[in-house]
């Protein structure tokens, strides 16, 4: 075995104590001597599901009985089970069982889908080194300390410390798109001592320890330090490969697992999945409490009045039914109260929850069936993961969106450039000066050639040749140019620029060690790479120093115009500045290119200074910056480039539609400040006329406060804030920061860690106004934000399925968000708002006559309706019309909703479920109930004979008359509310009334052997044989509904809403929503 090494990976946050560490033995080779206590680590399973087989029933029942209505009906059911109650326990037990079962099946099915997705990830095949050989196992079986092999284009199955790579220098390239949204290629380095241990046997014989901090969520904030100059060797974030990142441009690597499963940084950035509840459901709970109050009032008042009246002698029992002295003296208030509670309990409708569940579940299919939300190129349709939040799509006030892959396609395209003060465009792979045609002579002048060489040499691009697996000789392709050659760059701009110069005749062939080779119009040239001056956020430029084939030393620099133009002393500076501004106005990402030629003495001085700075033990960073600034001056300006980050289709129109709908859009991205601002401008999130305020690179709380106070007075502005400044602003000045944000018409947050994104969403969500938030993203770095927002939407992009799996809804492109909110959200909300209020209305109509009847039967708990009618009223007679209404209703045609986004404002802030509207529906219910009861009573009150043979009606006939009028009225009331009639609406509306009549004739017309009492025998037939009863039904129904019609006409003409105006102004051909 080789020597025993200790590699200490130090990634402490500033406030972390070093004692809080874990010790990982590579290949799980634990020490044989001494007192070693094994540490317990998490396994490598990822869990996004909520239930297991064992806890599903108790956990689901607990969640369901947290609902006020379910808990209430459980109590009522238990009361009914006791003897001497006026109604059977089946009347509330059966619907309760049905609701609980349907909801449990729905939630169980949704969680099963999550389990299925988790199993796919956890069961993915991986290779680990065990017992001296490579063994294939499943991802979930990886343990901390295992040496894992990862091949090209695979994702890392756990957080690994890189031990060795197949590249000669022991490096590997990865993309972290799914973690922080950055598409650029990042270089990671293996531990120097193990970089050469590429064979399985050599790795197996390795004896080493990695000591690292306990798992922490932060992806960015690392402080690396070394305690000893000899081994132990200090490792930093550049040695750590994070789960979810993807290996690129490297055949294979070996790494040791240090954080696994739910302890990996990606998983720690997930939020635990909590139950999301919609605003409508919260309103429903409020309404239920009010109705519970009405119920308790009626149930307490009834026994009080009963005892008050019974105290009068005139109500004494007849001689054959007299009470004993004991019965007279004992109070049965509690049992009477419970009996009245059971009698009136139907005022709170349990079937409301069944109908709402069915409406949400069935309604969610419309999103998947909508062809406008289908993306043909990727063959992906919209999918619904949680149907509980459909109506919330109609209430959104803030949209938080990721940038990379959500607003953009992740594709950079070269568009224009400026060389020596002349603007050029690329036409069919040629650089054509502005105003010239394509027929211009081939070949480039000296300035153009130098500019193209600078662009094709000043970068850190890597090349991958698909047909060679090993590192090979990159120059072997120089003569026969390989079509399989693929560039990998540290930024997408670099890749686009190198690909553009290739099309224009200056091709970067590759670099090997210090040699960089390009082909200039077919002629190969080799340059020696002497130094790379890396890009950093403060300098905002990068440079390379090269030795030309002629031996001359030259510096090529490229960077932001503010970082290059001030240091340029020659070249067309003013013209280039104008061109750069023009490019930026078109939404292009701009870079300025310059060069500097060194004499032999100048280069010696530069080389000496660089060497001193790079080997300095103290203040290395500061010294390097000083030297870089010394080198990058007296530049000769060559030109500028304009690259477009291709936006997704119709992003600008979508953001504009959302803005017109009153929705504020925030962009939260892990990307660089300049890139984010550039994309915000090009996608219409920021307008050119907008005053853009910047809260970036703030060092302290007080600086933050000053900046915020200074910015508070601007009227129309956009705000840019970065992750570090945001942390400072939220620490001390949260209120001030929120005030500024609310005054901004657009906010852009850049350099955001995943948990910071979630924190911003939570901040707005919990602000005093409690706005409804929506988060949309496509990568694993967006999962926390998606789970935190009221509604989370995953984009089926190129960054894996993490966001889609953890979202409530998934769509293929950002542009589909407009239809999802403005059309589907609008429809779902108006449907469910009417459904909820209509249910309360029809149950007030149902139970109030029962309460009024007690005044006429001395509160003897006599029921007005037969128990079969009590059970079937909500289940059969009035359930289908409202269910069909809640699936198909459209106040306005979908095309109108999309073309007039402002109509979304009509339903914002839960306006259709306001307290005023709720009171109106409740008042209407009481009014109609009084008309039903007293209308029927007036007709029959004075012992009137309504039968042809002189017979009078009894109490069951009276109750049936009230019930008949009620079924017809509440069904027709819904018909008045319906704007969009389909054949199904007609079928269930008229069919429900017809079914009631047919059922009643059968139920009362036959002696049923299994019924022990049949109070309703022949009652309905008798009622319908009376002409007076038919007249009464007609008059009462008209009396109830006519004022309603008058009110509708009156309001529509005097105070029409925007929605009502749209119904009149646009006459579209009658056609249903294309699904």
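The backbone N, Cα and C atoms fix where each Cβ goes, and this holds for glycine too.
Nobody curates TrEMBL annotations by hand; they come from automatic prediction.
The following features are taken from TrEMBL:
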{"type": "BINDING", "residues": "402, 403, 404, 494, 535, 558, 589, 669, 670, 671, 751, 757, 781, 782", "note": "ATP binding site"}
{"type": "BINDING", "residues": "402, 404, 778, 782", "note": "Mg(2+) binding site"}
{"type": "DOMAIN", "residues": "38-92", "note": "domain 'P-type ATPase N-terminal'"}
{"type": "TRANSMEM", "residues": "286-309", "note": "transmembrane segment"}
{"type": "TRANSMEM", "residues": "337-356", "note": "transmembrane segment"}
{"type": "TRANSMEM", "residues": "820-841", "note": "transmembrane segment"}
{"type": "TRANSMEM", "residues": "918-940", "note": "transmembrane segment"}
{"type": "TRANSMEM", "residues": "952-975", "note": "transmembrane segment"}
{"type": "TRANSMEM", "residues": "987-1011", "note": "transmembrane segment"}
{"type": "TRANSMEM", "residues": "1017-1042", "note": "transmembrane segment"}
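In the domain 'P-type ATPase N-terminal' (38-92), helix, strand and coil residues by DSSP number 26 helix, 0 strand, 29 coil. Only residues 6 or more beyond the boundaries of the transmembrane segment (918-940), in the same chain, are considered here, and those with a CB under 8 A from a CB of the stretch are 283, 287, 290, 837-838, 840-849, 852-853, 856, 946, 953, 958, 961-962, 965-966, 969-970, 973, 1028-1029, 1032, 1035-1036, 1039-1040, 1044.
Each residue contributes its Cα atom, and for residue 402 (ATP binding site) and residue 778 (Mg(2+) binding site) these two points are 8 Å apart. Counting every protein chain shown, the number of other Cβ atoms lying within 10 Å of the Cβ of residue 402 (ATP binding site) is 30. When the binding-site residues 404, 781 are compared by the number of other C-beta atoms lying within 10 angstroms of their own C-beta, 404 comes out lowest. Cα spacing between residue 782 (Mg(2+) binding site) and residue 751 (ATP binding site): 13 Å, rounded to the nearest whole number.
For the domain 'P-type ATPase N-terminal' (38-92), the model gives a mean pLDDT of 81.
Put simply, residue 778 (Mg(2+) binding site) is 23 Å from residue 589 (ATP binding site) when counted between their Cα atoms. Neighbours of residue 670 (ATP binding site), defined as other CB atoms within 10 A of its CB across all chains, total 28.
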